[in-house]
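Features of the protein shown, as given by TrEMBL:
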DOMAIN    A:150-440  domain 'NADH:quinone oxidoreductase/Mrp antiporter transmembrane'
TRANSMEM  A:25-44  transmembrane segment
TRANSMEM  A:94-117  transmembrane segment
TRANSMEM  A:129-148  transmembrane segment
TRANSMEM  A:154-172  transmembrane segment
TRANSMEM  A:184-204  transmembrane segment
TRANSMEM  A:224-248  transmembrane segment
TRANSMEM  A:295-314  transmembrane segment
TRANSMEM  A:321-342  transmembrane segment
TRANSMEM  A:348-369  transmembrane segment
TRANSMEM  A:389-406  transmembrane segment
TRANSMEM  A:426-449  transmembrane segment
TRANSMEM  A:461-487  transmembrane segment
Amino acid sequence: MAASTSPPVDFSAALVMAPTAPAEWLVILPVAWCLAIGALLVMLRRPIGLHPTIAVAGLVGLVVIDGLLLHQIVRHGPMTMMMGRWLPPFGIAFTADLMGALFALVAAIVALAAGIFSIADINDSGRRYGFYPLLMVLMAGVSGAFLTGDIFNLYVWFEVLLISSFGLLVLGSEREQIDASVKYGFLNLVATTLFLIATGYLYAVFGTLNMADIARKAEELRSIAPLMTLAGLYMLAFAMKAAAFPVNFWLPASYHTPRVVVSALFAGLLTKVGIYALIRVMVMLFPVEREELSFVLAIAGALTMFVGVFGALAQTDFRRLLGFLIISGIGSVFAGVAVGGPGGIGGAIFYSLHSMLVMTGLYFASGIAMRLGGSASIVTLSGLYRRNVGFAALTLMLCFAVSGLPPFSGFWPKVMLVKAALDIGAWWLAAALLIAGFLTTIATGRLFLLAYWRDGTTPAVNVAALPATTMAPLAALTLVALLIGLYPEPLLSAVQSAAAGLADPSAYEKSVFPGGRP
Amino acid sequence: MEAWFALLVGIFFTVAVYLMLSKFIIRMLLGVAVLGNAVNLLIFTGGRLMREVPPVIVGDTEALVGPAANPLPQALILTAIVISFSFFAFLLVLSWRAYEDLETDNTDEMRVAEPKDEPAPPLGY
């Protein structure tokens, strides 16, 4: 070693020398926290009685962390933490902006609700096979996907959440679940592989994987590089993850088979990660290509809405019906991404957040309905209203919310999307949004009519009183949907500034490269 | 060199897609295995092929002299290999369980989760 002759080492050439501020740790904390709790649960494999307590406490912690993170970002703008202190763009960046923090917070709320619901829904065998560790690792993957600033790292988080979702989906190993997992597994594998292919090409073209760096370089490379190909590949990969028509078939094949709480988690989280990635890549990294592809996105969105809602009308199984309603909602988000602008993108973000809360709540309702009525089919399910009026009222509110009726959370994003579509003259897209909303009202109305209002044709199943841990999360999510509907002001302004931050990512770039371009 | 590799990647993708379009799970699994390798080769080629010069800074120099192999794609591929291998392992076990429980490896006959003749929802009550 020539240590004595070499000049003093200048670490600042490769490393971030400024000490990491305590607040910056918040960017990575959601992921680290979930992984730590998940590891703890794996270590405590035998005392499964402790699992729910630890997991729920961990999820409460996650909500607090994400709340603090959102608070910081609202006050100070996007925050970046470099892994291993490598200078950007060489290290992996974790960059939280307003959109990522909003998604992460709502995901944490959904997971907390599911964690509480699971206490009564997951039996000892489910706990022994690792429901709670898988739940925490799933949340690590979801939080990581929402907060990372590196596109290859986004792929890794996709895989983390996908592999834990496999584990959750086959929990129970019933024949139906295995059948569903085969379809879910293969099709999602193709989707993430497409994502990886696109990322490989992107690296070949850009020579960087840092999203802030990509957003800057896209400008110069646009004339010489096939960015349209990249954008098209990403659009297809994320459309598949989000279950948009015509690549939606894995969702109705699988979402009705696992435990109710797993369905609810998937409904709230998985497709929305696809949506998040679509918005992040198409709006922030490839805005010009999004503009070019907007017609494709709009057609896909409109078809997705109708495939979803007609599928819902044709179903007899409560949970399969809900699966098609998720797809219909994805269509509305696609319409927003196609329209663009603060109204379209803001509406798409708002709609996703609303859909996370409401669809999870509806899946909880389907679980309680199965407990009360002893059936999952709306042909035989009946008389739920008479058996539990409060539960029926909560379900009705969620049905209104998912149909986009006021005064619930679905109304405002629908208004934003329809207005944005009309503003750019896409009257047919606005009409599709409204007609799909109307058909959703029919689908959920018929569900309510048959399963809740119809007098009991089957003898009442003797069920024990509902545990409070199943009703409380349903009531809480309904309350949030109602509050957002009654007082949408804070969320409206938040999603609008999130959309503005995507359209002009200079604040995002500045947080990654504080000293300007290296 | 890259052009030949591009062709090779294309052949890999062709084989993978052809196998995955099959109805039989065992062929789809083979397709998945080939697909993973196709993507790894793609990333490898995307990082540009520079032979036999490892990116090592020698002696008293402080920066790389001349072109050297790109280490980043190798890190990416390593990640992708681990992930695709774990996926393949999971799908392999899942397919075996599916074959045991559903007694078929033909995806057309896998209609347990979505039965063929479900009753239509009631039109009135």
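Yeah, the Cβs are placed from backbone N, Cα and C, and that goes for glycine too.
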Query: Counting only pairs at least 6 apart in sequence, do the transmembrane segment (A:25-44) and the transmembrane segment (A:129-148) share 3+ Cβ pairs under 8 Å?
result: yes
Field: Maximum Cβ pairs under 8 Å to the transmembrane segment (A:295-314) - stretch from the list A:94-117, A:154-172, A:348-369, A:389-406, A:426-449
entry: A:426-449
Query: Residues sitting near the transmembrane segment (A:426-449): Cβ under 8 Å, six or more positions beyond its termini, same chain?
result: 298, 301-302, 305-306, 308-310, 312-313, 318, 321, 325, 328, 331-332, 335, 338-339, 378, 392, 395-396, 399-400, 402-405, 414, 417-418
- prompt: Which one, A:94-117, A:184-204, A:348-369, A:389-406, has the most C-beta pairs under 8 Å toward the transmembrane segment (A:321-342)?
  reply: A:348-369
Task: Using a Cβ distance cut-off of under 8 Å, indicate which of A:94-117, A:154-172, A:184-204, A:348-369, A:389-406 has the most pairs with the transmembrane segment (A:461-487).
output: A:348-369
- request: Quickly jot the same-chain residues contacting the transmembrane segment (A:184-204) by Cβ under 8 Å, restricted to those at least six beyond its ends, or write none.
  value: 151-152, 155, 158-159, 162, 166, 169, 214, 229-230, 233-234, 236-238, 240-241, 247, 249-250, 253-254, 277
Message: Using Cβ atoms and a strict cutoff of less than 8 Å, what residues sit near the transmembrane segment (A:154-172) while being 6 or more residues removed from its termini?
response: 125-126, 129-131, 134-135, 137-138, 140-142, 144-145, 148, 178, 180-181, 184-185, 188, 192, 195-196, 199, 241, 254, 257-259, 262, 265-266, 269-270, 273, 277, 280
- line: The answer for the transmembrane segment (A:348-369), taking Cβ pairs under 8 Å and residues 6+ beyond its ends, is 99, 102-103, 106-107, 109-110, 113-114, 117, 121, 260-261, 263-265, 267-269, 272, 275-276, 279, 318-319, 322, 325-326, 329, 332-337, 376, 381, 384, 391, 394-395, 398-399, 401-402, 408-410, 412-414, 416-417, 451, 466, 470-471, 473-474, 477-478, 480-481, 484, 491-492, 495, 498-499
